[in-house]
């Protein structure tokens, strides 16, 4: 089983979406039904501004005040989820849009960050993997938005890369693929075919890995520690290439 995490900066591109749908259709046709996890970064930021807010990030994580949470909810659970599910259903691939809130799929706790208060940002604490197994058993592709229940009737925004890594570990995925707008982790302008824990720590320290790539590589390492066999960062055109993240 593979987890495909989709970057939020490509999902509104019809050409990219068509390529994604073709890839997933091929996978389903050979009984390799994936779980999709999507972000919504660019569109969340645009709606946040339209609502009078200002996007802010700390170490690649969106600072989530009430305006940002409202924008994230509308984009992730409404616009992006519906777009992906509709595109897959249109080619005969049955898909089911869910957030972490639905059926209490993912319970999260508030994330405390050394850099300061991130607002309504969470980290996955408990995952009901059976909800996903039921969909997969029926050859239905789960399309997951990373908004999670906080246990007291509210929601927390979880970084989609962190969410994907947690889902991969919870369901015992063979591979987690982080699909980005770059072909892998770039070191001096070239895709690094393999990186381990020590490499990643050094590249973060010297600034080679920065911004939104930080939660990707950190989630990749967390997935490995939780038992995911292969973690890869790549783009939609080469799912079997890119950068493989491995333990030191």
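Don't overthink the numbers, they just go from 1 along the chain as shown.
Glycine too: its Cβ is placed from the backbone N, Cα and C atoms.
Those TrEMBL annotations? Automatic predictions, nothing curated.
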**Message:** Starting from the substrate binding annotation in TrEMBL that includes 40, 41, 62, which of 29, 89, 104, 157 is the extra site residue?
**Reply:** 157
**Prompt:** According to DSSP, does residue 40 (substrate binding site) fall in a helix, a strand, or coil?
**Reply:** coil
**Item:** Rounded Cα separation (Å) that holds between residue 216 (site 'Transition state stabilizer') and residue 62 (substrate binding site)
**Value:** 14
**Request:** Just report the maximum Cα pair distance in Å for the recorded substrate binders 40, 41, 62, 157, no decimals.
**Result:** 12
